[in-house]
Amino acid sequence: MSHGPSPRLAESPQLSKSSLLTILGSPSPERMGPADSLPPTPPSGTPSPGPPPSLPLTAPALLADGDWESREELRLRELEEARARALQMEKTMRWWSDCTANWREKWSKVRAERNRAREEVRQLRQRLDTLTKELAGARRERQEAQGECEARGRELARLRGVHSAADKTHDGPEPEREQEPVRDIGAERPPGSQELDLVESLLKSRPEEPEGCWDACSVAAGGPRVSSGRQDRNRLPWEDTASTEEDASKLTALRLRLDESQKVLLKEREDKLALSKNIEKLEGELSQWKIKYEELSKTKQEMLKQLSILKETHQDELGRMSEDLEDELGARSSMDRKMAELRGEMERLQAENAAEWGRRERLETEKLGLERENKKLRAQVGDLEEALARRRRQNASALDCDLRASQAALFEKNKELADLKHVHGKLKKQFQEKVAELAHANRRVEQHETEVKKLRLRVEELKKELAQAEDELDEAHNQARKLQRSLDEQTEQSENLQVQLEHLQSRLRRQQQNAPLFGKIRSTRFGTEEAGDGASDLDEDEDLQIQVA
């Protein structure tokens, strides 16, 4: 509404100037005279053109000054509002750039975590491959050790069969009864210990019956040489001593070989036990690693799904944000263009204002000159009263013409004012539309802020889930360590029990070895009366062996 009177006030000096020119522009003093003589003739009803023009000159000037000041204040206020909007747009753009930078940092962190997880999975796969290779090698070594043990067992069984055949041919039925429990125990003992017991029994029985031992050795060597060996011993006693020494040396060599084979078998048994334990341990670790690998693969798939979903949502958000930024940039460019137009219009209005002020000063100078001329004309009023009376009709017609001209000019000015009001209404509508667009943009910005907050909350939830998964993985590692420690303790306990069992077996073996000697000594000393006691001792030994077994 403040823009409405501005065109009329801007053009009011021109109207006063045209009216003054129409009234005072005539060079003949006869036309100017009747205008000054109008005040003393009120019955005529015509307006006086003399002093009244001073009032329409001063009042429109004051109105124009106030209107221009209000318009300038309004334009300055609009300019400040436009600057504030531009600053707000810059702040929003800066905020969006910070948001995008934060999202890039977060995505880089997530990408680094994903690469780290991939590297851990790759390392676990490599370790699994190495463990499978080691397990395969351990299995091959175990099979080779089993084959070697079977070969050594067959060889020892063959030697045991040879010595048992020699004992059967030499000792007869009584030694068979004495060595019968030894054979029963030998079925439960390793072949090396059985062979060692056979050799010791041969050595112990040799001082009592050297000829029988010689016969057994000769029978083991070959049948045709037995008769010839006996004839030679009967013929040559010194050859008997030489053969016994040679036989003793052979027995010692055989005993050494048996000791070495027993040591080798014990060592191989220990290696076999260690390999079996290592294989079981590796199989347990392999199963654990397989379970962990499956869990990691599942977690990896879940994380990949979540990452793909987040990536899609982020791409959608980036697309929407880019579209919004393009819209904001377009609105900002339009606002800049509008600001430039407003600035140009303001400069133009300032130039027009300066021109109007110059025109006003010129009109004031002209007003002062006209006042002086009016004073001169008032002096000539008395002289021109008669001429004015004669030309009153002519002046009345001239005044009617001037009135019509002024009315036509006023109609044109009113028409221009209506056009300016229409233009002002259009500009006001455009301004309201821009304000509505700005409000819509602000609502869009608030929606984006809420979406960004939701995404931040989702990222925090994902971080918490990742921390929970890491805690569960640590708990699984701790449980695996606890199980490993318990397994180590059980293996130590089993080794201790194995050592105790070996001690008990060795004691039982010594008791069994000493039992026949004690029986012989007691039979020679006390006779046949205490034979029942020896049998009871043997029964007690057998019961002890059964309990240990």
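Count begins at 1; order follows the chain as displayed.
Glycine is treated like the rest: Cβ placed from N, Cα and C.
Fair warning: this is a prediction, and the values are worked out from it, not measured in the lab.
Here Swiss-Prot flags 69-160 (among others) as coiled coil. For the coiled coil (69-160), the predicted model reports an average pLDDT of 83.
Annotated coiled coil per Swiss-Prot: 263-398 (among others), in sequence order.
The annotation coiled coil is assigned in Swiss-Prot to 426-517 (among others).
Summarising the annotation, Swiss-Prot assigns compositional bias 'Pro residues' to 37-55.
Feature annotation from Swiss-Prot assigns compositional bias 'Basic and acidic residues' to 135-158 (among others).
Swiss-Prot lists 165-187 (among others) with the feature compositional bias 'Basic and acidic residues'.
Per Swiss-Prot, the feature compositional bias 'Acidic residues' maps to 530-549.
Under the heading phosphoserine, Swiss-Prot lists Ser12 (among others), citing similarity to another entry as support.
The phosphoserine feature in Swiss-Prot is assigned to Ser26 (among others).
If you look up Swiss-Prot, you'll see Ser28 (among others) marked as phosphoserine.
Residues or ranges marked as phosphoserine in Swiss-Prot (evidence: similarity to another entry): Ser536 (among others).
Residues annotated as region 'Disordered' in Swiss-Prot: 1-61 (among others).
The region 'Disordered' annotation in Swiss-Prot covers 135-195 (among others).
The region 'Disordered' annotation in Swiss-Prot covers 207-248 (among others).
Broken down by DSSP into helix, strand and coil, the region 'Disordered' (472-496) contains 25 helix, 0 strand, 0 coil. Summarising the annotation, Swiss-Prot assigns region 'Disordered' to 472-496 (among others).
As annotated by Swiss-Prot, region 'Disordered' applies to 509-549 (among others).
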| said: Is it possible to list how many residues within the compositional bias 'Basic and acidic residues' (135-158) are helical, extended or coil according to DSSP? | reply: 24 helix, 0 strand, 0 coil
